[in-house]
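What TrEMBL records for this protein:
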- His206: active site, charge relay system (ACT_SITE)
- Asp235: active site, charge relay system (ACT_SITE)
- Ser316: active site, charge relay system (ACT_SITE)
- Cys187-Cys207: disulfide bond (DISULFID)
- Cys310-Cys337: disulfide bond (DISULFID)
- 102-155: domain 'Peptidase S1A alpha-lytic prodomain' (DOMAIN)
- 176-349: domain 'Peptidase S1' (DOMAIN)
- 1-30: signal peptide (SIGNAL)
Amino acid sequence: MRISDTPRRPRRPHLPAVAALGMAIAAALAVPSATAVPAEPSTPQPLADVVTTAVALESSLGDAAAGTYLDRTTGRVVVAVTDEAAADQVRAAGLDARIVERSTKELRAVITELDTTVDLTGTAWGIDPSTNQVVLSADDTVTEAEQAELSEAVSRFGDAVRVERVSGELRMNLLGGEAIYNGAVRCSLGFNVSDGTTYYFLTAGHCGDPGSTWAASPTGTPFATMEESSFPGDDYAVARYTSGETPPSAVRLDGGAEQPITSAADPVVGQTVSRSGSTTGVEEGVVTALNATVNYPEGRVSGLIQTTVCAEPGDSGGPLFSESVAHGLTSGGTGNCTTGGTTFYQPVTEPMELFDLDVYTDDGTGAGR
């Protein structure tokens with residue numbers, strides 16, 4: 001274990017969530033009627049549209065912004081802020097506001113300090129805007145003595161950091177969803193994407209290196225070649241289809257059904273999400289933190305989505321999504337789908353932005369990020 005005041009090598013900053021969330025949807029203004037007539041029932045906005053609006057608004061609030069999340073009790077998206085003036089802007093946009101003590105900038109500063117001073121396998125940390133804290137998790141491999149040392153090291157942050165135990169061991173989940181093979185290595189296809197002329201799929205970076213070929217069975221004919229891979233640090237890979245066909249822009253569901261994927265965006269804390277994997281099929285859970293850092297035995301990965309969705313070895317690289325929106329690629333976690341667990345996902349917005357990739361409709365035309 002290493003807990004020090006000596007900074008580690010700075011990691012490459014991750015993309016802001018707003019970069020991939022597209023254009024904000026303006027709130028509709030009610031027009032007074034000259035005569036009193038029964039109001040037409042309003043049609044609720046899709047959650048993805050509300051989240052897009054909230055995150056775009058949050059990005060305009062500067063240092064007063066403190067995160068966006070879904071309140072599981074009310075079912076409404078909340079924008080956390082640090083002062084009343086910012087709260088008024090949020091309410092004027094038709095969204096719920098909550099005034100908190102710490103800004104996103106301040107919580108990210110805590111994340112940066114943990115990234116540079118704590119190096120302990122079996123730990124993870126991320127921002128939970130619903131509690132206005134950084135949540136630091138320790139798995140079963142972390143001894144009581146190590147946890148005591150860890151708690152002492154973060155005590156200087158006061159209640160800005162919450163330390164909690166998670167059962168099991170943080171690990172990468174090799175094998176996976178719609179199964180793909182690189183010889184004896186089995187992983188999961190995440191999402192199909194395109195640069196407008198060539199088709200690719202996204203999967204976990206720990207699955208293989210650039211130049212590796214992928215097939216639908218251990219001895220099958222390769223249909224794709226890995227072009228880019230990033231692990232540790234990040235956990236994504238981009239593989240180019242070589243078969244000449246247009247792969248469907250969809251996720252495999254239980255029973256052989258398919259869920260079309262038409263856009264990509266970062267989720268918010270509190271949002272219900274689904275994951276598909278060949279070991280456990282489709283499972284649901286809730287996003288609990290963003291910008292999470294995980295210390296696997298194989299190395300550190302940062303900028304992840306943390307959830308309560310269960311996963312098991314064999315689910316790695318598979319897609320995290322909500323309805324038709326792509327969110328992430330299964331990286332790893334603890335626990336299983338019998339007792340539950342904690343799982344982490346590489347946001348798809350990062351490689352899509354970095355390599356100028358988009359999801360697309362099944363006729364091959366781009367649908368956008």
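Cβ from N, Cα, C; glycine included.
Annotation note: Cys207 (disulfide bond) sits in a helical segment as assigned by DSSP. Mean model confidence for the domain 'Peptidase S1' (176-349) is a pLDDT of 91. Put simply, Asp235 (active site, charge relay system) is 6 Å from His206 (active site, charge relay system) when counted between their Cα atoms. DSSP assigns Cys187 (disulfide bond) to a strand in the three-state reduction. A Cα-Cα distance of 8 Å separates Cys207 (disulfide bond) from Ser316 (active site, charge relay system).
For the domain 'Peptidase S1A alpha-lytic prodomain' (102-155), DSSP puts the residue distribution at 26 helix, 14 strand, 14 coil. Taking each of the disulfide-bonded residues Cys187, Cys310, Cys337 in turn and counting other Cβ atoms within 10 Å of its Cβ gives the largest count for Cys187. When the CA atoms are compared, the recorded positions lying within 10 A of Cys187 (disulfide bond) are Ser316, out of the candidates Asp235, Cys310, Ser316, Cys337.
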